[in-house]
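These features come from TrEMBL:
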DOMAIN    15-487  domain 'Major facilitator superfamily (MFS) profile'
TRANSMEM  12-40  transmembrane segment
TRANSMEM  52-73  transmembrane segment
TRANSMEM  80-98  transmembrane segment
TRANSMEM  104-125  transmembrane segment
TRANSMEM  137-156  transmembrane segment
TRANSMEM  162-183  transmembrane segment
TRANSMEM  306-322  transmembrane segment
TRANSMEM  342-361  transmembrane segment
TRANSMEM  373-393  transmembrane segment
TRANSMEM  399-420  transmembrane segment
TRANSMEM  432-451  transmembrane segment
TRANSMEM  463-484  transmembrane segment
Amino acid sequence: MEFKKPPDGGWGWVIVLASLFTQFLCYGSPLAVGVLYIEWLDAFGEGKGKTAWVGSLASGVGLLASPVCSLCVSSFGARAVTIFSGFMVAGGLMLSSFAPNIYFLFFSYGIVVGLGCGLLYTATVTITCQYFDSRRGLALGLISTGSSIGLFIYAALQRLLIEFYGLDGCLLIVGALALNILACGSLMRPLQSSDCTLPEKIALENVPGRYSIYNEKEENLEENINILEKTYRGEETCKSTLASGDWKPESLLPKNPTTMAHTKETETYKKKVAERTYFCKQLAKRKWQLYKNYCEETVALFKNKVFSALFIAIFLFDIGGFPPSLLMEDVARSSNVKEEEFPMPLISIIGIMTAVGKLILGILADFKWINTLYLYVATLIIMSLALCAIPFAKSYVTLALLSGILGFLTGNWSIFPYVTTKTVGIEKLAHAYGILMFFAGLGNSLGPPIVGWFYDWTHTYDTAFYFSGFCVLLGGFILLLAALPSWDTCNKQLPKPAPTTFLYKVASNSSNV
């Protein structure tokens, strides 16, 4: 499918607004799950590691299924995927209000809501990148602030709803709010030329008309089969008449027009069967070719050093960087910080600063004099230091300060699609981004339970956050080492040097002659 040139404005700003509200509505509750996490600990009495699986699955499952999400968006379009996923998120949240145990929440909140969020995230990022080119960094920064604003608002909203309506009522109301995603999805008009809307369907519909010339070998084979069938019928007729003793020359000819019509219908039926068979063969060949091309493109992507380092960095970043947004409220309670001392929930601080970070980092990514990859690496290194400082925070002020720093640096999500696009190109964005989000989801799923298990073993979060800081720091250094020699070559425009080299060779050959 060939898309039109990105307009960098116009209806694109409606797409940005719709995508922003979509991420606000779908990610508000899963990112602010730290408020629900404390309630689930008290309600079900399970360990911190096991209970943390609910929130980690909600953030990780959608990312783990990113290759499938990318395939869905490529096949059905962002609008259809957004509307379908809106039902999934709303239904999963409402279903969670009836959870009898923690294992039910693994499915309803972790898998259903998580998969819906993953589909919505892929759809909003893909369609935004299609509508913007020169302002892509700003557009991605704007839409990604939706989830951060959702974290800020839903942290306080869910606490308020729990106070007035209980945990079950809170989930029902939040699920009803998620139904507004359907309205946002209806605004996501696809950017494509009108004459290329459904190229595969058009091509397949023309198969019967091209049947007579598609393959002479198969046509000849069909004729041979018909000849053999007619010969076989003739032999059977001769045998039957000889056996009865009523042989006549006329017995081999059609007896009446009804028989002739029946023979004609049989031939027409055989031709239709052959056409259908060819149609199925061509469809199977086309699908097999698509899967083959997908595997070949995947291998080619991993040959890129920067891309290979990106998937390692995003995996380690999510193992270490995601737990604070889920566990910070419990960290404060473990540090004997009273809830009355909270002018604002720590998760809300993380959310609002993440929105600020996404916006500022997205704007910085549009400046040509800033290397976006080095900017991303810098956020990883600084975040690792902030994570290692959490065990030394024993008051609300220090925890709030570190929450703000971590939230701002988590805003590097807004420039990650930008880095991916610069690394592999817009044509391979959906494919490459799906692979990277798979590893991000794996890190999201493992990070909070690992931190929770550390607490269950040591009865303190100190060792857990030292481990988290080390993971993020290691990912940043791996990406930096891989990018130093090859980042410039990734951004180099290869078609320009080619004519120069070609002309040089021609000149040298002519001089030798």
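Using N, Cα and C of the backbone, Cβ positions are placed for all residues, glycine too.
Annotations in TrEMBL come from automatic prediction, not curation.
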_Contact between the transmembrane segment (306-322) and the transmembrane segment (463-484) is defined here as three or more C-beta pairs under 8 Å separated by at least 6 residues; is that satisfied?_
yes
*At an 8 Å Cβ cut-off, counting only pairs 6 or more apart in sequence, do the transmembrane segment (104-125) and the transmembrane segment (12-40) clear the bar of 3 or more pairs?*
yes
*Have the transmembrane segment (80-98) and the transmembrane segment (373-393) got at least three CB pairs under 8 Å, pairs 6 or more apart in sequence?*
no
_Six or more residues beyond either end and a Cβ under 8 Å away: which residues meet both conditions relative to the transmembrane segment (399-420)?_
125, 129, 136-137, 140-141, 144-145, 148, 310, 314, 321, 324-325, 328, 331-332, 335, 337, 344, 346-347, 349-362, 364-365, 372-373, 375-376, 379-380, 382-383, 386-387, 389-390, 393, 429, 432-433, 436
*Quick one: find which recorded stretch in 52-73, 137-156, 306-322, 373-393 has the most Cβ pairs under 8 Å with the transmembrane segment (12-40).*
137-156
*When you check the transmembrane segment (432-451) against the transmembrane segment (162-183), do you get at least 3 Cβ pairs under 8 Å, counting only pairs 6 or more apart in sequence?*
no
*Would you kindly check 162-183, 306-322, 342-361 and say which stretch has the most C-beta pairs under 8 angstroms to the transmembrane segment (137-156)?*
342-361
_Tertiary contacts of the transmembrane segment (306-322), as residues 6+ beyond its ends and Cβ separation under 8 Å_ = 56, 59-60, 63, 373, 380, 383-384, 387, 406, 409-410, 416, 419-420, 423-424, 432, 435-436, 439-444, 446-448, 450, 467-472, 474-476, 478-479, 481-483, 486-487, 490
*Which value does the mean pLDDT take for the domain 'Major facilitator superfamily (MFS) profile' (15-487) in this predicted structure?*
79
*By a Cβ-Cβ criterion of under 8 Å, what residues six or more beyond either terminus of the transmembrane segment (162-183) are in contact with it?*
21-22, 25-26, 28-29, 35-36, 39, 43, 82-83, 85-87, 89-94, 96-98, 120, 154
